[in-house]
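These notes concern the structure reproduced below.
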Amino acid sequence: MLALIKMEFYQLVRNRLFYLMAGISIVFGALMSSGYIGDTNPFGVPMADGLSVFGGMVYDSTMWLIVIGAMSALMLGQSASDKTLALAVSAGHSRTSVYFCKALVFLLAVNIVMFFYPFAGLIVTGAAQGFDKGIIAEPFAQYLLRVTGMVFLANCAVFSVSILLMAVFQDAAKTTACAALAIILESFGMIFFLSRRMPPLWLPPYMARAAVFTPLSISQVILILTACLGFTALLLGAGYFVFRKREIK
């Protein structure tokens with residue numbers, strides 16, 4: 001299994017699309033961070049330091065989920081289209097190992113790209129305005145670690161649909177189109193329920209938003225984490241069931 005993980009990382013670092021996504025995330029994060037200074041959403045007070053801008057950028061990352069979701073699904077679908085999965089199975093690796101190694105590295109990679117965006121804003125704003133002026137009541141390190149951990153799991157819940165679709169279609173174009181559509185529907189569903197003052201904690205894009213709020217009670221944290229893990233397990237489990245049963249192209 002370790003050999004498969006090494007192979008997945010080797011393919012990742014040689015994938016130009018990964019570097020394109022990372023570059024776009026960093027550049028846009030750095031450029032857009034200044035627009036958050038003075039904005040009151042989602043904290044109710046004007047953002048004026050790196051930590052609050054970090055939270056604001058995570059809160060507003062819904063559109064970023066769609067962009068990175070489509071590009072990462074294309075990257076994932078390519079591995080099915082170019083026979084990489086079939087070659088790994090034919091080399092003697094179990095389907096279970098091939099599937100979950102692919103899922104692990106993909107989710108790590110897409111989370112890295114997603115976090116480049118708010119962390120670029122954190123660094124740029126922090127250097128110019130200061131990193132922590134007390135706008136967020138939680139200590140700097142605690143808030144940063146809590147939000148990062150919770151949003152990591154929320155992103156896994158969002159992007160696990162791409163892994164399921166990769167197993168179903170084994171085609172880059174179909175995986176990309178359907179993954180983008182699924183994330184768009186989730187995002188618009190979130191907006192629909194929020195417009196009716198009904199926080200949709202069952203929708204993965206909202207889980208990332210909810211993680212930004214402070215303070216959160218222990219029960220609220222547990223609820224968000226349980227929803228994230230449950231959604232991820234459901235999608236990965238469904239993808240594994242399909243991948244284990246059907247012929248690999």
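From the backbone N, Cα and C atoms, a Cβ is placed for every residue, glycine too.
It should be emphasised that the depicted structure is a prediction, and the values quoted were computed from it without experimental measurement.
Taken from TrEMBL, the feature transmembrane segment applies to 17-37, 57-77, 98-123, 143-169, 176-198, 218-243.
Most Cβ pairs within less than 8 Å of the transmembrane segment (17-37), among stretches 57-77, 98-123, 176-198, 218-243, belong to 98-123. Between the transmembrane segment (57-77) and the listed ranges 98-123, 176-198, 218-243, the one holding the most Cβ pairs under 8 Å is 176-198.
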